[in-house]
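Asks: Annotated domain 'G-protein coupled receptors family 1 profile' per TrEMBL: 59-315, in sequence order. Residues or ranges marked as transmembrane segment by TrEMBL: 41-67, 79-100, 120-143, 164-186, 206-222, 264-288.
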Amino acid sequence: MSNETTELPSSSLSDNVTSTAYDEWQEMIRRFNIRPLTPGGYLGCAIYLVTIGLVATVGNATTLIMFTRNQKLRRKPHNMLIINLAVSDLGISVFGYPFTTSSCFANRFLWGTVGCKVQGFTTFFFAMADMYTLTMLSVYRWVAVCVPQHNHRLNVSVTMKVIAGTWIAAFLTTAPPLVGMSTYTYEPFGTSCTIDWDDPEPLNVFYVYLLVFVAYLIPVVQRSNELLRSMKQIKHQMLTLGEAEEANANIAENKVTCPCRVQISLVMVAVFIVIWSPYTFVCVWAIYDADIPVWLNTLPTMCAKSSCMLNPVIFYLTNPIFRNTFKATFLRSRKVTPLTEN
């Protein structure tokens, strides 16, 4: 007897794999009520995510390199928070975006249900650490501008505890879906994962409103309030600057640096509101209407994903000390100027 093995043509194997993947995707669409984008829509999202992912990774990695090369800089309390911000932003771009970007190029989610939960949790976890760090940065700036006599209390030891607190708070905020309070599931467009915003169960609705309150309303109100108080303090300082110049030149020079802190805070508060308000609105809307047009869900989501890219850009454009340190570190055009003002 002769043993003969029948081999399928490679084209048939490829067709079978493609057919299986297509069938799995169609099953996911039915099961999770996914409303796919057009191929052009997915391609546009993929290109957008590649762009912001590269800028975010390079920008935040550059920030970390700047500080790790200079021990004196990284031991400044304000700068320790900036380092923490860069770490959380880098976490989003490294651990979150590859899942979504590769899936957008494939026109379907590639990583299965487990991958969806991993992507949803890691992205949300790092995003919350980012938000809490930004909130604490605004507190530090407010102390530096409005009550500088207490600035010495925000030392390295206290700042280390603050940083640990941001990560603990981020975990406590994002862990409940892993243990049954809500869940991580697919976004309506199907290639990214997040909280199940439209689950009508009372426990899920409670969790969604808790997130809106903790992650959006409190930071906006707190940071806006501190910004307004800082601006009033700056106005008062400017009115008395002429007298201070003659009485004490050093004090006058120190007060001139305060508007830089307020300028950065103003830009960051404005960016936070612009980026996160549409997403927050759509998430609350989803509680009461699960059939939001897919484009109306996709655009705010993509807008919010740019957050990790913008922080290093804002610091570079608005803070001359940060900018000079960057040039000194990478262009070696001048001496490193300590980032003592943020």
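Quick reminder: no glycine exception, Cβ is built from N, Cα and C everywhere.
TrEMBL labels come from automatic prediction, so no person has curated them.
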Asks: Can you tell me which of 79-100, 120-143, 206-222, 264-288 gets the most C-beta pairs within less than 8 Å of the transmembrane segment (164-186)?
Replies: 120-143
Asks: Can you name the far-off residues of the same chain, 6+ from the ends of the transmembrane segment (264-288), with a Cβ under 8 Å from a Cβ of it?
Replies: 134, 137-138, 141, 195, 197-198, 200, 205, 208-209, 211-212, 216, 219-220, 223-224, 226-227, 230-231, 296-297, 299-301, 303-304, 306-307, 310-311, 314-315, 318-319, 342
Asks: Would you report the average pLDDT that the model assigns to the domain 'G-protein coupled receptors family 1 profile' (59-315)?
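Replies: Over the domain 'G-protein coupled receptors family 1 profile' (59-315), the predicted model scores a mean pLDDT of 87.
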